[in-house]
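Remarks on the structure that follows.
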Amino acid sequence: MRPKTGQVGCETPEELGPGPRQRWPLLLLGLAMVAHGLLRPMVAPQSGDPDPGASVGSSRSSLRSLWGRLLLQPSPQRADPRCWPRGFWSEPQSLCYVFGTGTKVTVLGQPKANPTVTLFPPSSEELQANKATLVCLISDFYPGAVTVAWKADGSPVKAGVETTKPSKQSNNKYAASSYLSLTPEQWKSHRSYSCQVTHEGSTVEKTVAPTECS
């Protein structure tokens, strides 16, 4: 989903800014997003509170003004960039914007990879212990963000759902898992249960039926 408005910018003292080798890729990233309509270039204010309403024109001077603003720097407190609703903090003295609404920008270091999804029904041993847990394993996806939704007979299920945070695998792709905890009666009272995984706009759904497992 495209952001309605957005900013990539940075106000930082020259001595704290990135060197020329870091500037060019980040500047080109910002200009590419502008060219593809993913980002409306905005000028970061020189002082005071962030003002998302100041737009940058197409003049040469405006493009020059973008030079020092189309930059992204990692937060010194964290290993990876983090977004907040009002922008992106790097050094204490500098405020960098990443889309006005806090949308995360991922710079891909490798090709995208769709997840492999496997859905396991409750085991017979677990059912005998008066429990029923469905396990949805999600592996080999990149970048490392997925959304998981559970359904019973096509209707959303919210209660009893626990999803882990994606973790990096040895192949630099990501894996996660999601669990749906039920009672044996709940498990047997529906025709089917589904685990729906959405990654980068594509959805993979796996379904299991209690009758197939009896």
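Note: Cβ is positioned from N, Cα and C throughout, glycine not excepted.
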In Swiss-Prot, C136 sits in a disulfide bond; tell me which of C83, C195, C213 is on the other end.
C195
Have a look at 38-49, 86-97, 98-109 and point to the one annotated region 'J region' in Swiss-Prot.
98-109
These are the disulfide-bonded residues: C136, C195. Which one scores highest on other Cβ atoms within 10 Å?
C195
Could you count the residues of the domain 'Ig-like C1-type' (115-209) that DSSP puts in helix, in strand and in coil?
10 helix, 53 strand, 32 coil
